[in-house]
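**Student:** Just dropping this structure here.
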């Protein structure tokens, strides 16, 4: 059974920004039955306002008395998946939590009634506001859990019952421990793959889809991640089942794992609903072309051979079988994916296949399988060198601004209906307390945008500090890190503060100071910051006047543009613009 992993680390972040028809085409390749991957499981992140590997996703409850079930893109993604496949299984997992859940601790389970209520509210909100029924929900992965919490109260008991319908393991290496088998529960590989989506990645995916079931009796294999729709230079670039990282161009790539999933996924819905269906998937991948990122794969060899299969019982009377075929061609680079071959004849319950190395066959009695196809998307192109956003969207479909990738903190569209001036529509950083996070969020909030290869660039933005004590905001260029490594990000950061000072640093943490002085800035006043970088020199302008000039020879030579705040605090941004050479 093929599945897919959730938006952990904001890996579908750029997908929502695609224009039609390309966005729908991508979704069809993922979810539409008998078309592309034909996926049966969608596991999404319950956003927790925190960095979870490649970015942050907003919580439905930023603070205790706050509820909003229209933040983020996961609701949209689940609706689109259900639109294409009403029978798709939906799973939610909180990979991080807003800080108020822990009452001051970086741990979400000291107050299990609060945690349970938070998760259950997300389940109820999914149904009430989006007509989405959540089939499973999980407890924090990769953290220990104390079983004493199971009997705390009824609502948490419901939460546990939902969770323990199946037992999942991450990266099981296609085997299952005896203790799990003894439970009699459904066994899933609840996170797997995590591998670059070239043909070796396709070979990895083919192997574990097959062997997780055969070796480990796991009936679902859930891929991390769904679609590589995030900036490639973030951690684990292009680890999705397909690639869709250029909404500005409309380009996307249907990678080999999509069709390898189709080898199984197209027939599974029919297979699981019937008792007289025959399905056999044969993976004949070589070791070096089947390696996943983890765990290590022990040595083995395969050679071309003729294999004969003998059918027993009611299957012995079958006269012919449908055949689907994929071949990874590492020599002349002419692979074939999910190709319909002529039916194979069955004689006296036996049939024969000629298996070459790095091939995948699906042999079945099902005749409804198809391979979907759309015209080639537009050609690939880099992020535009001239880019502007005034955030003037009256009724946004999503809470995030296009192409911004929040790495710490959450930047949402904000409409200040009491402001008669030009800044009614802005982007606002809304996280005011350090979240409970899987990795260490930076002490400063930051959202990146643009082309990682940018070197000479001018970044400009109107900024508004809402905190009089400790308020600070920045624009930045050549930012070299994101994701779980964002704390150590370097670049050129131009900060102004509510106490009337400024500084320029070569790191996000603000410790490596290149320049500093008086700016006259204060809270509750709009200011325009402009940062210009060319070669080893940079200068900064405040409201159109040069505030500093300095050599910056030790900073990274390239990286993203960015905006952010000096801590977890409310601040607004407007009229963002970037121009690169």
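Count begins at 1; order follows the chain as displayed.
Glycine too: its Cβ is placed from the backbone N, Cα and C atoms.
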**Student:** Between 149-167, 168-186, 187-205, 206-224, which stretch does TrEMBL give the note transmembrane segment?
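**Tutor:** Checked against TrEMBL: transmembrane segment maps to 149-167.
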**Student:** Please identify the stretch among 7-151, 167-264, 280-369 with the greatest number of Cβ pairs below 8 Å relative to the domain 'Glycosyl hydrolase family 59 C-terminal lectin' (406-580).
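**Tutor:** Checked against 7-151, 167-264, 280-369; highest Cβ contact count belongs to 7-151.
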**Student:** For residue 191 (active site, nucleophile), what is the tally of other C-beta atoms lying within 10 angstroms of its C-beta?
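**Tutor:** If we count other Cβ atoms within 10 Å of residue 191 (active site, nucleophile), we arrive at 24.
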**Student:** Could you give the number of helix, strand and coil residues in the domain 'Glycosyl hydrolase family 59 catalytic' (7-151) as assigned by DSSP?
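**Tutor:** Secondary-structure composition of the domain 'Glycosyl hydrolase family 59 catalytic' (7-151): 52 helix, 15 strand, 78 coil.
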